[in-house]
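Participant: Pasting the relevant annotations from TrEMBL:
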{"type": "COMPBIAS", "residues": "315-325", "note": "compositional bias 'Basic and acidic residues'"}
{"type": "DOMAIN", "residues": "16-108", "note": "domain 'PPIase FKBP-type'"}
{"type": "REGION", "residues": "282-325", "note": "region 'Disordered'"}
{"type": "REPEAT", "residues": "174-207", "note": "repeat 'TPR'"}
{"type": "REPEAT", "residues": "208-241", "note": "repeat 'TPR'"}
Amino acid sequence: LMEVVGEFPMDCPLHDSLLKVHYKGMLLDEPKSVFYDTQIDNVGEPLEFCSGEGLVPEGFEMCVRLMLPGEKSIVTCPPDFAYDKFPRPANVPEGAHVLWEIELLGFEVPKDWTGLTFKEIMEEADKIKNTGNRLFKEGKLELAKAKYEKLLREYNHVHPQDDEEGKIFANSRSSLHLNVAACYRKMGEYRKSIEACNKVLDANPVHVKALYRRGMSYMLGGDFDDAKNDFEKMVTIDKSSEPDATAALVKLKQKEQEIEKKARKQFKGLFDKKPGEIFEVGVESKNGGDTAGSGEAVTSRDRDGSGKSSPLSSESDHVFDEERPGLIDRIWPSARRIFSSLGLNRCTIL
């Protein structure tokens, strides 16, 4: 029987480490239904895994990080932290609550970079980065981002000795920032993705890949003008990026059209069916004719779809009933705000 070593929590494997454990897994409602036992199913050898790499269920790893070497724990775990979001053993049904008996035999902390040559540091960094790339491909975005960000923190203590090392180091750091940006974009956090790209562009304003990834985040976040600027700038910097930039601009145009179509659908019924005329409900003009609502110039798409704008109304063209404002008069300020929030700079009349 092993003796528990150390003090909680200082001597626990809180940080990413190589862990060695024996464990037995059972269904919580059926204590005798053992679905895995390292002593039997792993020929008596302990399970070895690196924490922070998504190699065991989340609940399992959370528990082991808070154990001391030699300690045994009994852990009950709900399905979300057990096998519903992790490859399930054949004899573990979906939605199962599990019970693990875990013994932490020991752990090894990652290699300290102190005393390593620059080349050795970059080799260690590549291993961690490759692990992050694998996690990204598996859709484990938080874990992947944590790997990249850990490396970036470690890079604060790395000091290249010459221009060649400086170039290698700068490229590696830029790549990590862009990987963080890709994680944030996949997670739907477009503003944070843009900030990560800016860290690259602040140091190198003509970094084509950073412009591309920032442009994609601008586009997904609805900042179409900024996205267009980034995609167009790519081509001026590197002609070979033109296919990617062109494809991105096509996608950008599709996004704009989707937003415009959504806006048209949302405001259907507020406008007259005839192009260029605003339909006003229940209000007659003082001269017996129809009124056109607001005194602002409103743009309209030509029948041929050319998209050219033309003024449809002005204060001198129409008479307004100031005592009884029409529907458009009342809702136009709100409508303008909604169109602006949808990414449109003007109202397009159907």
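Cβ from N, Cα, C; glycine included.
Automatic prediction, not curation, is the source of TrEMBL annotations.
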Participant: Report, as numbers and ranges, every residue of the chain located at least six residues beyond the repeat 'TPR' (208-241) whose Cβ falls under 8 Å of a Cβ in that stretch; write 'none' if there are none.
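Facilitator: For the repeat 'TPR' (208-241), the sequence-distant neighbours (Cβ-Cβ under 8 Å, at least 6 residues beyond its ends) are 174, 177-178, 181-182, 184-185, 188, 190-191, 193-194, 197-198, 200-201, 248-249, 251-252, 255-256, 259, 343.
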Participant: If you average pLDDT over the repeat 'TPR' (174-207), what do you get?
Facilitator: 97
Participant: Report the DSSP secondary-structure composition of the repeat 'TPR' (174-207) as helix, strand and coil residue counts.
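Facilitator: The counts are 27 helix, 0 strand, 7 coil.
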Participant: Based on DSSP, tally up the residues of the repeat 'TPR' (208-241) by helix, strand and coil.
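Facilitator: Per DSSP, the residues of the repeat 'TPR' (208-241) fall into 30 helix, 0 strand, 4 coil.
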Participant: DSSP-wise, what's the residue breakdown of the domain 'PPIase FKBP-type' (16-108) into helix, strand and coil?
Facilitator: 14 helix, 39 strand, 40 coil
